[in-house]
Amino acid sequence: MTKHRPLAAAALCAATLAGPAMAELVIPDLSYRTGPYAAGGIPFSDGYQDYFTLLNERDGGIGGEPIRLIECETGYNTEKGVECYESTKGEGALVYQPLSTGITYQLIPKTAADGIPLHTMGYGRTSASNGEVFNNVFNYPANYWDAASVAINHLLEQNGGSLEGKTIALLYHNSAYGKEPIRTLEELSEKHGFTLTTLAVEPPGQEQKSQWLQIRRERPDYVIMWGWGVMNQAAIQEAANVRYPMDQFIGNWWAGAEHDVAPAGAAADGYLSLNMNTINPEAPIFDEIRTNVIDKGKGAGDGSNVGNVLYTRGMYAAMLAAEAIAKAQEIHGVTEITAAQMRDGMEALEMTNARMEELGAPEIGPEFSISCQNHGGSGEGLVQRWNAADGVFEPVTGFIAPDNEVIDALIAEDSAAYAAESGIEPGCAE
Amino acid sequence: MPDQLLYAMEVALNGLMAGVMYSLVALGFVLIFKASGIFNYAQGVMALFAAMTLVGIQNGQVPFSHMINAALGTDIHHFGWSVPALAAIALTVVVMVGLAWAVNRFVFRHLVNQEPIILFMATIGLAYFLEGVADLMWGSEIKTLDVGLPQGINDWVDTATFDLFGYGFFIDNLDIVATVIAGLLVAGLVMFSQYTKQGRALRAVADDHQAALSVGISLNFIWVLVWSIAGFVALVAGIMWGAKSGVQFSLSLIALKALPVLMLGGFTSIPGAIVGGLIIGVGEKLFEFCFGNGQCFGGIIDLGGATETWFAYVLALGFLVFRPQGLFGEKIIERV
């Protein structure tokens, strides 16, 4: 007993000096700054972190509670992502944003068991939009199937409302992520009378000669790309090599960032891609970030990414999380919220144009509201075009609504199957 | 001529070109394995490191700028100049020679006479170390490589084949350049090993390093030399692959494309690396065309695509079963 006395005294002393534990809003950031997908992971994570840092620096956190960010490197590796989740969930994590469909699939049952919400913004399991089956998963403002439908709706508009007799090729990353839109596009091809060809690209996707030779031979009217990482850069270069028209080549929103088009140089001019948020580097929120975060040396990166496509998306993701925290604080009348209360906040989230303007990011995303039944938001997306001369993506359209008649039926079918295999009784969380 | 046959010819031609690109990576493996018995797991990362260094030098980027800025509170990223492509390539070769010296001085010199598996493990460590150093030196963003290489369809081939067959073949100008460079590289390597003193010393070490030591050949020098040459080959591969899709981390994964080439061509043969690359290139492209996309035999077999990597390894495995040393490898004879 005697030999433990100094230790006990030290522990008591430390406890006395530490005082009461400071309440914090814990936000893990499962980032990937290394590995083959780092070029996409870095700007997203920088945007995600810088927004929370801005709130800490400018407002003292949210509702007076400081935000504590915990960054954990996943390398876009599913196993590492799960390790990151396991090592951070005990810190009082409020929400996870893993930026990986593979990690998302592993975390869905884990977060359900632990009662921690999962926000998979425009990625992950699409049918998680059904909040009655996936109580803890949210994929607002839009999901993969919405993206496929938005692309087709854009093409419908370009072709006078009919795609009858047209051919569309889907060039996809041969992974769970890349295969997500196939079912939706098959349904839409039946509905609109176009022929769908699917072309799988073996990850990571540096070598795509076979696929582009086929595209050159068959000359589909449009090519839709579901790529990520080096697959995007290689595909855009190959499209330029075979002289496929860039204005008939549409990437999804994970295939439309500056680093995707840069290696092809001027040849990428006119390349189209979807986006779930607008790009406006001049928005007041970026000035706020530069002044309060970057210039003070507190940025997650060196500030060179501020305002670019994926930085904006990461910042938008953080903005939606922050708004949900504020909503949870409002609903429960407390500032120090739990993960369960955060879930309630996310389920009551409402984003209006007025609120986005108030936040310094006018029309950064579509207006939407979340409910127990709908965890997916409005599903709207826009089309943007790469202007190589100016080095910017410019909007071609406003936000386009998806074909909910097709999407909702697919979501109902897939989520019902998941509920059956997982033994879930659909219903709103209590 | 039937359309399908023309398409198959075009696919085969492009397969040959792709095979040359694989061979460029495989050559680096062969050189080091032949001279030292080390299977250099880091060869792909060396290509990444070389390409990143080239772009960094070309753009006048300050190496380790993030670390320097964080430590000193400065905000420097560029020297403010740019270096012409040829000069940048020459400087990168110097860096790769320095790397070769450092690798031998600090790693392999201490591992002489160790088991091959130990040496292999050391190269795994080297790969991760180099990957991290490359990130710290030059940053992890995707870099555009511009050394003036032509890209896009070759109009002459397109027109000539159109006049001949009524269908214009696609050949990428970059692939043509890669083929010419690979040819020059192999010719240069063969001449070096046959007609120079250092080349003969290298072959002597490859045959029996103890006998080579006994006649006064410096093992250290030869290892630095061969790692330098492998570094140069890595730079060439890095330039060719980096020009296709930008210089980025994925470049290190091109090593995966070289493995079946090595299995097929043999780990100790320079011509084997070339022929192996061509066979893998043509084989995987034709298999993808015929069975991946169901373009042959009335489409009776359509595997849904993305068969290339799978097929390359299956083909290499088939060769391994019947000829374990590869097409051109030295026959393994163990006397008991």
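Here the Cβ of each residue, glycine as well, is placed from N, Cα and C on the backbone.
Not measured: the values here are computed from a predicted model.
Positions annotated as transmembrane segment by TrEMBL: B:12-33, B:40-59, B:79-104, B:116-138, B:176-196, B:217-241, B:261-282.
Between the transmembrane segment (B:261-282) and the transmembrane segment (B:12-33) there are 3 or more Cβ pairs closer than 8 Å, counting only residues 6 or more apart in sequence, so the two stretches are in contact. When Cβ distances are compared across the two stretches, the transmembrane segment (B:176-196) makes no contact with the transmembrane segment (B:40-59), since fewer than 3 pairs at least 6 residues apart fall below 8 angstroms. Take the transmembrane segment (B:12-33) and the stretches B:40-59, B:116-138, B:217-241: counting Cβ pairs under 8 Å, B:217-241 has the most.
Within its own chain, the transmembrane segment (B:116-138) has Cβ neighbours under 8 Å at 36-42, 44-46, 48-49, 52-53, 55-56, 61, 63-64, 66-67, 99, 103, 107-108, 249, 252, counting only residues six or more beyond its boundaries. Using a Cβ-Cβ cut-off under 8 Å and counting only residues 6 or more beyond its ends in the same chain, the transmembrane segment (B:40-59) has close neighbours at 25, 28-29, 32-33, 78, 82-83, 85, 88-89, 91-92, 95-96, 99, 120, 123-124, 126-127, 130-131, 133-134, 137-138, 143-147, 230-231, 234-235, 237-239, 241-242, 247, 249, 251-256, 258. Within the same chain, residues 21, 24-25, 27-29, 31-32, 34-36, 40, 43, 46-51, 54, 89, 92-93, 96-97, 99-101, 103-104, 108-109, 112, 145, 147, 149, 174, 177-178, 181, 185, 189, 192, 198, 201-202, 204-205, 209, 247, 251, 254 sit at least 6 positions outside the transmembrane segment (B:217-241) and bring their C-beta atoms closer than 8 Å to a C-beta of that stretch.
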